[in-house]
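Feature annotations, courtesy of TrEMBL:
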| type | residues | note |
| --- | --- | --- |
| DOMAIN | 499-621 | domain 'STAS' |
| REGION | 623-653 | region 'Disordered' |
| TRANSMEM | 70-89 | transmembrane segment |
| TRANSMEM | 109-136 | transmembrane segment |
| TRANSMEM | 148-172 | transmembrane segment |
| TRANSMEM | 178-197 | transmembrane segment |
| TRANSMEM | 229-246 | transmembrane segment |
| TRANSMEM | 258-279 | transmembrane segment |
| TRANSMEM | 317-338 | transmembrane segment |
| TRANSMEM | 350-369 | transmembrane segment |
| TRANSMEM | 390-407 | transmembrane segment |
Amino acid sequence: MDSSNRTVSFAAPRGFGTTLKSDLKETFFPDDPFKQFENQKPLGKVKKGLQYLVPICEWLPKYSLKTFQYDVLAGITITSLAIPQGISYAKLGQLPPIVGLYSSFVPPIIYAIFGASKYLAVGTVAACSLLIAEIIGEVASPKTEPALYLHLVFTATFVTGIMQTLLGVLRLGILVDFLSHSTITGFMGGTAVIICLQQLKGMLGLKNFTTKTDVVNVLKSVFEHRKEWRWESAVMGIIFLILLQFTRWLRDRKPKLFWVSAMSPLVVVVSGCLIAYFAHAQDHGIPIVGDLKRGINPPSIQFLNFDRKYFPQIVKAGAITGLIALAEGIAIGRSFGIMRNENVDGNKEMIAYGLMNIVGSFTSCYLTTGPFSKTAVNYNAGAKTPMSNAVMAVFMALVLLFLAPLFSYTPLVALSAIIMSAMLGLIKYEEAIELFKVDKFDFVVCMAAFLGVAFISMDMGLGLSVVLGLVRALLYVARPGTCKLGRLPDSVLYRDVEQYPDAARNSGIIVLQIGSPIYFANGNYVRERILRWVRDEQIHLETTGDELQHVVLELSGVVTIDMTGLETLKEINKTLSANDVKLGIINPRLKVMEKMITSHFMDKLGKENVYLSIEEAIENCKFSTSKPKKTTSESGNSSKGAGDASDDASQQV
């Protein structure tokens, strides 16, 4: 369509209520969940609302026996992985092993009801287990005060659940976005390193070990107690680790044999139990898990402890582990959903995670989320719905009721081998290399998390990485992208002249593009950058005997502007006018146009200097009246006026 038939819209600004409604919708409801309720009768709206809040109400009525067969197979498969992982990660968190099994019974049932991902498998994770032990261990020792320590862990899980639920209800998932991919990669890699090193206690059969998690103290403790090293334990651990790594290698080479890798941890546990029982492993310096009581989860709501002495550490543990669990679980759920072209609502997932952790804290469970290894197995096993989690819960209940005592003979070295094998897969050095090649600052963020976790502490490493990420975000905000546009040969397209050096420039006219909102954080920079473009262009034109007559700002990338930004544009206009240069604006967005009209900037600029397209702006500038040649005296006065205007603009900003 011919753009000459179009005119710029100078409609009256919308009312405050309309603007606020639009802003709130874009901030908290970018996915527009209310769209599904349009044109629905009252009963239909109730049905849709129930399906939205409780996803099982959506897929269960359409559930079939064939689908159930797939989910049963997947549920049994992930149960075989949940048993050894549950025991292992509970020991990593300095918790009774039975708590790890409890955590694979109740939370999966809650997720099957409220979860949005078809493929996510619920369970405990190593990083959060170790982080809980590190933070809660500062106020309660798991060795000297085991009951208090356990109760504080339950309380931290409750705090995590409340926080996650509130984030989901208030649709504040944006907070999780501050844990960038680089941060997660570095954090998980650093955590994997220190967890692997901590497993040397089990691999070497050590009885005494440091409670600190950093690399230096862990290695120091290992060599200080070298007299406690047991070769029997080391040999068994190496054999188990080689077996587990071989199955992982086999799975990568032949994906259809994923079940071999999924079953291998259970095979290691069963083999370890048999060896420990018949060879009397304890007599040879190979410690075992010990007593595992039969029975399903006992209530723990009465053990929640909100004593002011411990509450700061409880909140710290709950908040940090909760955010990490959300970031990891939602990312994993979405990644597997994308494989089948299915969308996962992050806010609904937060509510599901929150509810399962709240209920879990009432039933002797600790923090659960969606671990990658178990979710991958669930996906590859053919899971079709969250029912696979419910199936896992049923089989875990059977294990707790009838088989739990049999796992009491599990050698700790077997659990150490399982954890080490899982952690080795989390050290993604290839991603770190890719970050270094693509974006050096992202690599620095990743390394800050990795080295901070490995050599300082987990929370410090995570915090350092997040701070660096925020600094980078602030730099993007404070230094928005600007560029000078030129016309591509044999085209009507205008592009960055730095990217396309052959782009043609129009003598006496400079077109500048601003690529972000203009507000208090970057107003001064935008003004200085535009004036620098103008000075450079004037110097360039002096060599050809031409003069700069028009500066046109392309604002399609400026989605909003505040009062400081408007003052910035006023100062730029004032400075240019003092130099006898006209300012023009191309395609201001709705919010920007409304504020320009309300602040009367549009009256000062002139509506005739606002254009729909670059082509229209260039044509109008070319046909506008050229400036008359100045006398020497006029030129000097004009320069003086420009300098004064520029100084005034600096003082205002």
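A Cβ is built for glycine as well, from the same backbone N, Cα and C atoms used for every other residue.
Whatever TrEMBL says is automated annotation, not expert-curated.
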| task | Could you check if the transmembrane segment (317-338) is in contact with the transmembrane segment (350-369), meaning 3+ Cβ pairs under 8 Å among residue pairs at least 6 apart in sequence? | result | yes
| task | For the transmembrane segment (178-197), find every same-chain residue at least 6 residues outside the stretch whose CB is under 8 Å from a CB in it, and list them. | result | 92, 126-127, 130-131, 213-215, 218-219, 222, 323-324, 327-328, 331, 419-420, 423-424, 426-429, 431-432, 435, 442-443, 445-454, 458, 461-462, 465-466, 469-470
| query | In the same chain, who gets a Cβ under 8 Å from the transmembrane segment (70-89) while lying at least 6 residues past its ends? | reply | 97, 100-101, 103-104, 121, 123-126, 129, 259, 262-263, 265-266, 268-269, 289, 371, 373-374, 377-378, 381-385, 387-392, 394-396, 399, 407, 410, 414-416, 418-419, 422
| query | Can you tell me the mean pLDDT for the domain 'STAS' (499-621)? | reply | 91
